[in-house]
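Reading through the structure tokens given below for one structure.
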Amino acid sequence: MNAMLETPELPAVFDGVKLAAVAAVLYVIVRCLNLKSPTAPPDLYFQDSGLSRFLLKSCPLLTKEYIPPLIWGKSGHIQTALYGKMGRVRSPHPYGHRKFITMSDGATSTFDLFEPLAEHCVGDDITMVICPGIANHSEKQYIRTFVDYAQKNGYRCAVLNHLGALPNIELTSPRMFTYGCTWEFGAMVNYIKKTYPLTQLVVVGFSLGGNIVCKYLGETQANQEKVLCCVSVCQGYSALRAQETFMQWDQCRRFYNFLMADNMKKIILSHRQALFGDHVKKPQSLEDTDLSRLYTATSLMQIDDNVMRKFHGYNSLKEYYEEESCMRYLHRIYVPLMLVNAADDPLVHESLLTIPKSLSEKRENVMFVLPLHGGHLGFFEGSVLFPEPLTWMDKLVVEYANAICQWERNKSQCSDTEQVEADLE
């Protein structure tokens, strides 16, 4: 009798277990996908000035909500992973010409040149000089998507191919790209200035490329001639301060570090003969490179210490990171500068964001833009599941560049009017 009374309770118990399991799974999904996070306009850090007021009026994306895809877009990890594996959705194939420049040390630098597909909104000749992220080049999907959009908005685009990054271009000297070497980017900019003497420049850098372009502009005042503005997206500002955070498991940074190190090893070893071959006349600093340590490296810091710093003869990793980071050059940039990071970027620790925040509080030419979501170079947009081909980042950079071009045009017209009035008096 007791058994007969107890059996009906068993299904209820099992249903309770199932319900608890489903609830646990849903909780994990909500937490992992960050579904409870709100959508909001980006946080903006700037000084009140005529320029900042004009930008807020002319760039709607600065004050509108950035709305990522509903299901997964609020996860910085998924945004970053999709950028890393997929690049972009339905990426176009812009047509350009590859240019070759022989550097003073025998290295062969390359960049791709893309002509505008429409007239610019202010009618001027404007060239975007673009520096991609680590080990990237003009054939990467996120670069192709951005270039195509910029072309359609009237920009000529010059995209640097990092030294050693293109698989079909051999190194012609025992040197490849490093974290902050500006030689190749500077050579590309000088080529553009010489070939198109009437053009004005918009400087754009993504991730590591953001460090390079900011360092380039701050190295000497002459590098800012003909430059209308600069945009840096998702850089970390200081390799020295970032190295400790990049070894932490928080936000899986140690795992990302391992993946990036593995990719760098493959690139370096693909050029082992040009870099380390017995027939190569290489600098003394490379002579003692222990390739066995490169094979076993599991972090970018180990690779930088064993190989990368030696390309430029740095005596220590600390010296390499101090000299190659743009942080010590940012205060020397006088052209309008927009720094963009995502709050959920798993590669850039929040402590590093104090650098652009502090700079924007001191300099009227600097605006720091910090959306809640976007990951590392993701910034996908879309309604529910599938992302759009064009990202929020692509649109923001072009919108900002257009606004700066208009700002400069207005200043020029005001100056001309004042000159006419002075002549009449």
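Glycine residues also receive a Cβ, built from the backbone N, Cα and C atoms like all the rest.
Per Swiss-Prot, the feature active site, nucleophile maps to SER207. Its own atom aside, the Cβ of SER207 (active site, nucleophile) has 22 Cβ atoms within 10 angstroms in the protein chains shown.
Under DSSP, ASP345 (active site, charge relay system) is assigned to coil, being neither helix nor strand in the three-state scheme. Taken from Swiss-Prot, the feature active site, charge relay system applies to ASP345 (among others), supported by similarity to another entry.
Long-range neighbours of HIS376 (active site, charge relay system) (same chain, six or more residues apart, CB within less than 8 Å of its CB): GLY76, GLN79, THR80, TYR83, SER207, CYS234, ALA342, ASP345, PRO346, LEU347, VAL348. According to DSSP, HIS376 (active site, charge relay system) is assigned to coil rather than to any helix or strand. According to Swiss-Prot, the active site, charge relay system annotation covers HIS376 (among others).
Swiss-Prot lists 128-382 with the feature domain 'AB hydrolase-1', giving sequence analysis as the kind of evidence. In the predicted structure, the domain 'AB hydrolase-1' (128-382) carries a mean pLDDT of 95.
Feature annotation from Swiss-Prot assigns N-linked glycosylation site to ASN136 (among others); the stated evidence is sequence analysis. Note on ASN136 (N-linked glycosylation site): other Cβ atoms within 10 Å of its Cβ, all shown chains, come to 24. ASN136 (N-linked glycosylation site) falls within neither a helix nor a strand when secondary structure is assigned with DSSP, and so counts as coil.
Classification of ASN410 (N-linked glycosylation site) by DSSP places it within a helix. According to Swiss-Prot, the N-linked glycosylation site annotation covers ASN410 (among others), on the basis of sequence analysis.
Taken from Swiss-Prot, the feature topological domain 'Cytoplasmic' covers 1-9.
According to Swiss-Prot, the feature topological domain 'Extracellular' maps to 31-425, an assignment based on a curator's inference.
Under the heading transmembrane segment, Swiss-Prot lists 10-30.
A gap of 36 Å separates the Cα atoms of ASN410 (N-linked glycosylation site) and ASN136 (N-linked glycosylation site).
The Cβ of ASN410 has fewer other Cβ atoms within 10 Å than any other of the recorded positions ASP345, ASN410. Taken residue by residue with DSSP, SER207 (active site, nucleophile) is part of neither helix nor strand, so it is coil.
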